[in-house]
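Among the features that TrEMBL reports, compositional bias 'Basic and acidic residues' is placed at 1-11, 18-27. According to TrEMBL, the domain 'Major facilitator superfamily (MFS) profile' annotation covers 98-567. What TrEMBL records for 1-27, 572-591 is region 'Disordered'. Annotated transmembrane segment per TrEMBL: 48-68, 211-229, 235-258, 270-292, 298-317, 397-414, 426-447, 454-473, 479-501, 513-534, 540-562, in sequence order.
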Amino acid sequence: MSTEKENHTEPEPDPAEEEKQPAIEPEKKTLKDVVLEGLEEKGKGKDFWLWIMFILCITPNIINGFHVSSYVFLSKMPVEYFCVVPALNHKNWSYEQIREIAIPGGLNVSQSCNVYKWDYDKLADLSFEQAKIYLNDKDKPKTASCFDMKEQDDDYAFHYEQEKDASFVPEWNLVCERMAYRSNVQVALSIGKFVGASTFGIISDKYGRKACFNLAAVLYILSGLLTTYSPTYLLLMLGRIGLGFCGSGVFYSLFTLITENTGQKYRSSLSIAYNFSYPVGFLFLAGAAYIFPAWRDLQLALTIPSFLLVIHIIWLVESPRYLISKGKYKKAYKMLYRKKPAPDFLLELQCEKEGVEIVDAPSEKKDVEAKSCNEKIRGWFQELIKLYGPSSLRNKALICHFTWCVTSLTYYMLSLNAENFKANIYVWTGLTGTVDIFGYIVSIFILKFSTRRLSQFTLFVLAGAFLLAVLGVSKDKEIVLLVLAMMSRFCITSVYAIMTLHTAEMFPTEIRNSVLGISSTAAHFGSFFAPYIVDLLGPWAWYIPTTICGTLIVLAGFLILFQPETKHTGLTDHVNEDAKEESDIEMNKKE
């Protein structure tokens, strides 16, 4: 009975249904899908993999914080310096006696670059008292630079009132007309960072994040040693360029590792937390500088921690997402699951590999390479046209370039300006690190409760107001000046985090990286000029650096009001979408 029922109810096989049957079955996951799922699970922080990677990524960047502000301690200006006349010095005149007779302003001037052009051979035959009586009724002669006198007589030299080896300034006479050479030491770091950002970016994309970090770490150690033991000024400059160059390689490779392998839940918070390493480096720098007052000892103390990068070279792993982008699924799978893929997946890889070999014939591959090479320059110009062609994009981009530049200028000016404020450089550096940490933390809450445009406008104007308020404070009120400087620093640090996000949100995906890259370049120009403003203009009038930066920062704040708000808007992918959106806004305004 049951058999008859089964025969009666069993449907006839339908060829059409048989063809549809495979589509109904769940699609089999490829090795790539499995690896991506595994990476997403790892990125959620459910095990120690993410947190170990984060610790390994954030700790090397503390070393970058050492070298960004170490210039303040390595280049301490002597309290007093003046030119020593060899003819008088050989006759055992004291430095005070030489200073009173030979230096314009005598004992009333603490720092002097010039010397009177007396007949010192004749004065050397007299005692100090006799020389004073002899010169009493004579008119003051012309003055000459100590460097000019040194060209005529190599025995001319500067005398510095400073602890032995406390700074590299006396070692290479980086005073007076050679003051710019002192500033160049800090600029060298910025030049290295500028070149390193683009160079290591290419290396990272071509050879991997881990390979990029390994190369940067090894060169970092060598650059630190070169800076420490440099026998000449030129080698000191090369060492500083190397520190900046490798610092960029360490920073960007590790930052990419974090962003690529962190799940969406923690990506924004860990990216901001990554920036905490810089101010932590400032805090360690202040302590190290207090313990090691000699500049070479301090530089060595800052170099020794870079040897710990060997641990990171051993323990850091390549970004699984980078391996996926290069088609190295087997290696990424083994990294995530610590075992080899199943035989089915290995067979799949073999089939894909054979397929690629058939499609990519040698002649076709050469044509593709030739085509890409010929179109590189054209593609670069097309990117610029996309960015600066439409007026709406061009205006937004130019404002971004300006705000990034003046923000970086002000940030570095505040890092280096302790000397002009006559502040304790140990307290100043420690406070900048502490304020930076709070600035980054507060920026997270500001973004939650305020818009991008309003928050930036407020922070820019407040930062500028604090700097301009310096004009109403006398130089002897050091505590008030320190508070104003740190309040401005807090605002600048907070606005920098918000500004980066706002810039990324304003532009379409196809030109977003170009805008960020060019804006970052503009920021480097700000860091180039900061040492010159502090070292060359500050001695003229101690309030000039803060006045210049305060004015520019307030201007940046008002320019932000011309930028669109992006907090509650979606990201666009193409330039034409952005242009259409701007056109719709204009139409609505007219209506």
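Placement of Cβ uses the backbone N, Cα and C atoms for every residue, glycine included.
Note on the transmembrane segment (235-258): residues 53-54, 57-58, 60-61, 63-64, 67, 168, 184-186, 188-197, 199-201, 203-204, 209-210, 212-213, 215-217, 219-220, 222-224, 226-228, 270-271, 274, 309, 316, 319 of its chain, located 6 or more positions outside it, place their CB under 8 angstroms from a CB of the stretch. Tertiary neighbourhood of the transmembrane segment (479-501): same-chain residues 272, 275, 403-404, 407, 410-411, 414, 417, 421, 423, 427-428, 431-432, 435-436, 438-440, 442-443, 446-447, 452, 455-456, 459-460, 462-464, 466-467, 469-470, 473, 516, 546, 550, 553, selected by CB-CB distance under 8 Å and a gap of 6+ residues from either end. In summary, the transmembrane segment (426-447) lies against the transmembrane segment (270-292): three or more C-beta pairs, each 6 or more positions apart in sequence, are under 8 Å.
Taking every listed stretch (211-229, 298-317, 397-414, 454-473, 540-562) in turn, the largest tally of C-beta pairs under 8 A with the transmembrane segment (48-68) is reached by 298-317. Same-chain neighbours of the transmembrane segment (454-473): 403, 410, 446-447, 480-481, 484-485, 487-488, 491-492, 494-495, 498-499, 502, 543, 546-547, 549-554, 556-558, 560-561, counting only residues six or more beyond its ends whose CB sits under 8 Å from a CB of the stretch. The highest tally of CB pairs under 8 A with the transmembrane segment (540-562), across 211-229, 298-317, 397-414, 513-534, is held by 397-414. Listed as Cβ neighbours of the transmembrane segment (270-292) (distance under 8 Å, sequence separation of 6 or more from its ends, same chain) are residues 54, 57-59, 61-66, 68-70, 73, 254-255, 258-259, 262, 298, 300-302, 425-427, 429-430, 432-437, 440, 443-444, 497.
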